[in-house]
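Please read the structure below before turning to the comments.
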Amino acid sequence: MAKHPEVSLYKELTDIQRHVTQNAGTEPPFSGKLLHNKKSGVYHCLCCEQPLFMSGTKFDSGCGWPSFYQPATHDAVQYLDDDSHNMHRIEVRCGHCNAHLGHVFPDGPQPTGERFCINSAALSFTDENTGEKTVG
């Protein structure tokens, strides 16, 4: 399993970014900078820049967090059982650095039927047209 990013990264993360990526926290719903992003491009892990999701797989699930129906590649993310909060969920972590991203649920659209519910605070986005980077 991949390790968390170097300790020096902690100094660069905001409190909410640290809470989400390093402590498996959750940002408040409808608060993330990338929730309503409609631009074409790639969503990366905030901690290591691993490509995680393509904009073409993003959809509005109404849940308050960016939602995607599949990762960019098979090994972009890893899955862990999460039995916290008296429920069973599947946690999603970066496949490269192990940063917490969010959870995946079996109620998404086709072609996968999955909904990757991802914290904006765990992501950065690179616009494919301008190269501009936005940090969630």
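Glycine is treated like the rest: Cβ placed from N, Cα and C.
Swiss-Prot annotations:
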- 6-128: domain 'MsrB' (DOMAIN)
- C45, C48, C94, C97: Zn(2+) binding site (BINDING)
- C117: active site, nucleophile (ACT_SITE)
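Known features from Swiss-Prot, placed on the structure.
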| residue | record | DSSP (3 states) |
| --- | --- | --- |
| C45 | Zn(2+) binding site | strand |
| C94 | Zn(2+) binding site | strand |
| C117 | active site, nucleophile | strand |
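If you measure from the Cα atom of the residue listed as 'active site, nucleophile' to that of C94 (Zn(2+) binding site), you get 13 Å.
C45 (Zn(2+) binding site) is surrounded by 25 other CB atoms, counting those within 10 A of its CB over all protein chains shown. In this structure, of the binding-site residues C94, C97, the smallest number of CB atoms within 10 A of the CB marks C97. Counted over every protein chain shown, other Cβ atoms within 10 Å are most numerous around C117 among the recorded positions C48, C117.
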